[in-house]
Amino acid sequence: MHHPKETLLIDSSNPSYSHLTEYRFDNLKREESRSTSLFGDRRRVMKILSGFSLIIIVVFIFATSHEQALSTTGDLTSSTQSTTHGGVVFTYPTTRKSPGKGCVLNSQRSTPKNLKQYTGNISDACLAGIKSSNCKTWLMTNAVILKYSDDVVSNCPSILEFVNKTSLSCSGKSQIQYMYPQSDSASSDCNHSYDFNSNALNRAIYNFNYSKTLISTSYANTPGFAMYTFLLKIMNCVNKNGIKLDAGILNIFTDMTYIDLCESDVFMSSFPDTLNKLIEAGYIVKFYFLNQNLQDTQKNVENVLAGCKYMNSRSYCEIVDWSYHSENPNEFEICIPDSQPSGKKEDFNWHVTELLLIIGIPCISLTICCIAFFVCCLKCAKLKMAMMRMNVFSNDTHQNPDEMELKKRWIGMRKKFNKDVENGSCKELNTQKWSHFASANNYMDIQALANANKKDIWEIDTKNLLVQEDHLLGNGAFANVYKGIVKGKIPLLVVNNSLNMTVESENNGHYEAAIKKLPAHADEQNHLDFFHEIDFMKRLGHHPHVISMLGCVSNPYEPLIVVEYCARGDLLKFLRRHKDYVLMNKTDDCPIEADMCLRIKDLVSIAWQVADGMSYLASKNFIHRDLAARNILLTKSLTAKVSDFGLCRYMDSALYTAKGGRLPIKWMSVEALKLYEFSTKTDVWSFGVLLFEIFSMGDVPYPTIQQVDMLEHLLAGGRLSQPLKCPNEIFNIMQKCWAEKPEDRPEFNEMRGEITVMLNLDDESYGYLSVESQGGPKYTQLTMQDSKETAPCSTPGGSQDMDEDGDYDSGSEGHSQGTCAQLDQVLTERFGEEQKKEIKQIFCEITSKSMRGKRRQSNSTVSTYQS
C-alpha cells in the first residue's frame, strides 16, 4: 500500500528525470534482449554442444575406470587386513564391546559337515547379484533382530530402503516376508508372505512396527541365546512351508556383535547344523552386521559363524559389512533374469571399451547436434506459419489477394471500433468477429501479436514513459504494479477525443500513472493472458468509476499496461488503516494523529460508486468474477474505481462456465461454487460481500469457515452477519444479494437506485436521509441495528413545517420543481455533468409519483366525505 506523501512532485515545466534514467525503457541496457533468431547464435550453440559432449566423455571414462577397478578386485578372502575394501573406506566403529568371559574362540573350528560348496559353475545355484534365466522367481525372507533400542529408528528405515533397492527387478510372481523376534504368535510371520508390488505388501511396510524387531528384555543379557531361538523359529518356518520358487535368500539384519553370539554356548553348538539345514532347504544366507566394521576381526567372525565367508558373495553364507552395501547394491540384487552377471563383469576388455568411446562419443555428439538443428528448424517453421496466417503482422509489400483481403478486414474492423468508441456506441461489440485477432488465441505467436499492436493508437513510446521500479505499488502472483510518469498526451484522450476528463495527477503535461508489468518468472501463457487483458482494457471504454487504461506498451518480452494512478491505493487497506477513525456523530472530532476521518455517509458513497461502475460493466455484458475490496482503488478525492480485470470475461450468453484457475472462493455465489457458472448475478453476490467489507472496515468474510466448506455452509443457509457500523437499509441490500436463486437477486442499476435514495445530498449529519415516499413527503432515516431513537432532517430543497399531527409537510406541488432545480445544481457540483442526468431523473420520478399518490389519496378522502 502506498501513501499520498510518496507522490513524485513535478515543480518545473521541464523536470529533470536524470535520476530515473535506469528505469527508462529506451535505456540501451534495458533495450538489449536476446535475439529471436535461433540461427544468429550458432557459435554459442556449438560451444554448448561441444562442452556437453566433453562432459559425457569424462563421465563415461570415469565410470568405466571405476568399474574396471572393481572388477580387478577379485573375490574377498578372510586373510585381507586392509582398512579399505573395493575403494570404500569403513567409518563405523569396530565393535560395541570387548570380548566377554564366556567367549572362547577355537581357531581350529571346522565348517559343518555336508555343507554345499560353490563349484564355480553358475548353473549350480542361484546367487544374489548374478543374472540367470533359471532364477526368475525368488522368496526373500528378511529377518530383523536388534539389540539396541536407541538405534531402532535409524536402522529400520535403512533396512527397508536396502530391501527395496535389491528387489527392484522382482515381479509379482516373487514373494517376500519379514520375521521379527517379537511376533504376535509363533507362526504369524511364517504365514505372512506377500507378492511383490502388491497392496498387501505396501500395507505391511506402512504398518511396520519397529518395536517388534527388538529382542525381549528377558534376553537382554543373553543376546546370543536370543539369536539361537530366532534362527530356530526361522528353521521351523522353512520346514513348514518350504521354498516353492526358483530360489530363496535369507537376509539376517542385526546390531549384535560376534562376541554376543560367541558368549552363547547353545548358539555356538547349534549354528553349524542350523545353517546346513537352511542351505539344504534352498536358501542362501547373508548376515548383515549393522553399524560395525569387521575388517580387522573377520577371522573371528568366520570362526563364530562357521561355514560363512566374510564379504564373499560367491558363497552360500556371506558375512556383510553394512557400510559396503550402499556403495555396491548390484552385488545383493535378486530376480535378475538375464544370463550376464550384473555385479561383476567377467573378462572385462578395456580395449573394446576404448574403441566404443572413440566411435560412440562422436556419434552421440552428432546426434545431439542434429536434434538441436531439427528443433531450431521446427520453431522457425512454426513462427513463419503463424506470420503467414496473420499476414497483417508482415511488412512485406508483395502479398497475394487472400492476404490483402484479410488485412483489409483487420484495418476496417479496427477503424470501425475506434469510430464507435469515439461516438460512444460500441455496446454491440461482437467478440466472435475478433476471434482470430484476439490475443487469447492459442495459435498466435507473442512476437506477431506485439508487432500487430506497435502502430496501434493505444501505444506509448517508451521515450515518454518512466517506470520507478523502486516504488512498488502492489504485487500479485502474475503481475507487479509500479508507479510511473507519462509525458505528453495520453492515448486515452486521443482515442476518446470528446472525453472531458480531469486527471488528478496531471502536472504540466506529465501524468502520474500506475504501470503493470509481468514478473521475471512469467511464462508464455502469462504473456498471452497479459495481452488479453490489454485487448480487454481497450474495449472497455471510459467510465468515472471503472479504472481506465491510459495506454500500453506491446513489447513481446516486457509488455506494460499503463492505468490511472489512484493515490489512496486499494479499498481494503484503506478501510483497515482507518478502522479506528470512523465518526459516528456529527459532533465527533477527528483525532490529530489521523490523516483523515470517515463518516457513514462516506462509506455509503463508496458503495454507490462501486455499484455505478459495476452497472456499467453489466451494460457492456462483462462479468468481473473477482469483485472485492482489494480490487477497488481510491483516488485522492475518494473516488472509487473498479479494477483488476484479470478474471473478467465477455458474456456472449446467459452464463459463462469457467474451465479452471484460481478463483475467490469466499466471494463466490452458490452456483459459482457448485457448477463454476458465472453471470452478472454472481457479481451481485460478490457485491454483497463487498458491502460487508466496507461497513466492517475491512474484516475478512467468513473467518471461521474453511474454503473447502464454503459451499456446504452456504447451502445450509449460512450468511454473513450485519456489521456494527452497517445501517439496516444497507444490510437489507446485502441480504438480497445473497439470495440462493440468481433470479431473486437485484440488478446493479436497481441497487444503485436504492443507494442513491439513501445518500444525503444536502445534510452532512450522520444517519439521516431526506427522501420522498409514495404516501407523501415523509422523512426517513438510516437506522443502525442497535439504535432506538431517531431524529428527522430536512429534505433537499424548500422548507418544511411541522403540522399539528407531528408530521412534516413538504409544501405544494410547485415545491417538487424547486427540489429538482436545487437537486440539479447539487448534482452538477458533486458528480459532474455525466452522472447528473441519471441521478436527477431518479429523484424527479420519485417526487412526481409521490405527489400523484397524494392527490389520489386526497381525492379519495373528499369523495368518501361527500358520500
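One is the number of the first residue shown, and numbering goes on along the chain from there.
Glycine too: its Cβ is placed from the backbone N, Cα and C atoms.
So that you can see what the record holds, here are the features copied from Swiss-Prot:
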- D626: active site, proton acceptor (ACT_SITE)
- L473, G474, N475, G476, A477, F478, A479, N480, V481, K516: ATP binding site (BINDING)
- 801-810: compositional bias 'Acidic residues' (COMPBIAS)
- 858-867: compositional bias 'Polar residues' (COMPBIAS)
- N395: N-linked glycosylation site (CARBOHYD)
- N423: N-linked glycosylation site (CARBOHYD)
- N496: N-linked glycosylation site (CARBOHYD)
- N500: N-linked glycosylation site (CARBOHYD)
- N585: N-linked glycosylation site (CARBOHYD)
- N859: N-linked glycosylation site (CARBOHYD)
- 782-821: region 'Disordered' (REGION)
- 848-867: region 'Disordered' (REGION)
- 45-65: transmembrane segment (TRANSMEM)
- 355-375: transmembrane segment (TRANSMEM)
Counting every protein chain present, what is the number of Cβ atoms, excluding its own, within 10 Å of the Cβ of V481 (ATP binding site)?
20
Of all the recorded positions given, namely N496, N585, D626, which is spatially nearest to V481 (ATP binding site) at the Cα level?
D626
Round to a whole number and give the Cα-to-Cα distance in Å for the pair N585 (N-linked glycosylation site) and the residue listed as 'active site, proton acceptor'.
34
Tertiary neighbours of D626 (active site, proton acceptor) (same chain, Cβ under 8 Å, six or more apart):
D644, G646, L647, C648, L663, P664, W667, S686
Give me the Cα-Cα distance between A479 (ATP binding site) and N496 (N-linked glycosylation site), rounded to a whole Å.
27
Spacing of the two Cα atoms, N496 (N-linked glycosylation site) and N475 (ATP binding site), in whole angstrom, works out to 30
For the recorded positions listed (N475, N496, N585), most other Cβ atoms within 10 Å of the Cβ sits at N496
For A479 (ATP binding site), list the number of other Cβ atoms lying within 10 Å of its Cβ atom.
19
